[in-house]
C-alpha cells in the first residue's frame, strides 16, 4: 500500500513541483510533515487493536512522505554542481587563461562538488541512524519493564520533534532553485504535463534510461535479498533482540565507515566514476553466490554466525559505493529547472517495480520451502545492472547522447545570459532616455 500510494502521488509531484517558484518552502513542508507523523507514536504504546491500527496508518503515511522527501532532498545536488561549474569557469576567465581547458575545469569542479554533496548526505543518514539505534539499544537495556519495551517509540517521538524544529533552519539555509517556466495557461497542457517525464525518459534520454533502469533493478533486488538473508539469520542463528539490534546498528556503522573511506580514497585516487559504479554493482553478487553454496550439504553458505556479519559488511560496502556514485552521475545529466522531475522519476519507477523481485522469489520459496532458492533469482536480477552500466560506459551511442544534451544545456544557459544582458542594457538605456537598436546593443556587447 505504501509503494502504491507513494508512487501515485509522486506522479503529480514529479509533473508539477518544478513549476513551484519556492522549492525550498516545498522541501521544508515535506520534511516537517515527515517528522510530524512520527511524533504521536509514543502515545500509541498500549497493546490494543486501535493503537495497532493507528501505528500502521502512521507507518503508511510516513512511508509516503519518505518517498517524496527522498526525491526533494536530492534536487540540490545538480543545482550546486552547476554553481560550482560556473564558478570554476568564471575564475578561469578572470585569470585570463585560454578557453581550451574550460571543459576539463568545468567537469572536474562539478563532479568533485557533486560527489562531496552526495557523500555528505549519505554520511549524515548513516550517522544519524547509528545514533538512533544506539540510543534505543541503551534505553531498552537499562530501562525496565514497559519503558524498556517502548524505547523505540520514545526515541522516534523525540526525533520527530527535532525534525520538525529543524525545518526552520532548513528553510532559511536552502538555496533558491530555478523553476520551470509555464508554457501555456491551459488545463489540457496541465494534464499533458503528467506524461512529459515518461516521454522524456523513454524517447529522448538514453543515458538517463539506462542509469535509472540499472539502479532501480539494483535497489529493488536489494530489498528481496535483505529479506532473504534476514530470514536466514533468524532461522540459522536465532538471535536475541539485543543481538539483532546490534546487527542492524552494525549495518549503519558499516555504511558510515565505508562511505567515508570511499570518499577519502576517491579524493586521492580520482578513478573513473563509471568504473566505480560497475564495481559496486558487481560486488553485491558475492552475497547470493555465497548463499547458494549453502544449498549443498556443507557447513558453509550462511550457516555460521560470522558469515552473516561478513555478508552484512559486503552489503553495505556495495551501497557505500553505488549510492553516492549513482547520484553523482545522474545529477550530472539533470537539466536546469527539472530537478524534481528526474529524481521523482527514480522514486516512481522504484515504487512501480519493487514488487517484481518479491513476486519472482515468493513462489519459488513456497514451492521448495527452502530460503536459499530465492537467492538464485536475486543473483540473476543483480547481474542486469552490471551489464546495463557496462554498456552505458562503453558504447559510443551513450557518449554522443551525453554530449548532445550537454551542448543543448550550455546553449540554453547562453541564451539566458544574453537575455539578462539585453534586459539590463535596455533598462539602463531607458533610464538615460536613449533608444538603442538591437544591432548597436550587440556591437557594444562584443
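Numbering starts at 1 and runs along the chain as displayed.
Note: Cβ is positioned from N, Cα and C throughout, glycine not excepted.
What TrEMBL says about a protein is an automatic prediction, not a curated fact.
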If I go by TrEMBL, the feature transmembrane segment sits on one of 89-109, 341-361. Which?
341-361
Given 183-201, 373-391, which one carries TrEMBL's transmembrane segment label?
373-391
Applying the under-8 angstroms CB criterion, which one of 25-44, 209-234, 341-361, 373-391 scores highest with the transmembrane segment (153-177)?
25-44
Lying 6 or more residues past either end of the transmembrane segment (308-329) yet within Cβ distance under 8 Å of it, the residues of that chain are 74, 77, 111, 114-115, 118-119, 121-122, 211, 215, 218, 222, 225-226, 229, 232-233, 236-237, 247, 250-251, 254-255, 258-259, 261-263, 273-274, 276-277, 279-281, 283-284, 286-287, 290-291, 302
The answer for the transmembrane segment (373-391), taking Cβ pairs under 8 Å and residues 6+ beyond its ends, is 210-211, 213-215, 217-218, 220-221, 224-225, 228, 274, 277-278, 281-282, 284-285, 287-289, 291-292, 295, 357, 360-362, 364-365, 398
Any chance you could find the range in 25-44, 56-77, 246-265, 341-361 with the most Cβ pairs under 8 Å to the transmembrane segment (119-141)?
246-265
Candidates 209-234, 277-296, 341-361; stretch with most C-beta pairs under 8 Å toward the transmembrane segment (56-77):
341-361
Check the transmembrane segment (277-296) against each of 209-234, 246-265, 341-361 and return whichever range has the most CB pairs under 8 Å.
209-234
Distant-in-sequence neighbours of the transmembrane segment (246-265), which means Cβ under 8 A and at least six residues beyond its ends:
115-116, 119, 122-123, 126-127, 129-130, 133-134, 137, 233, 239, 308-309, 312-313, 315-317, 319-321, 324
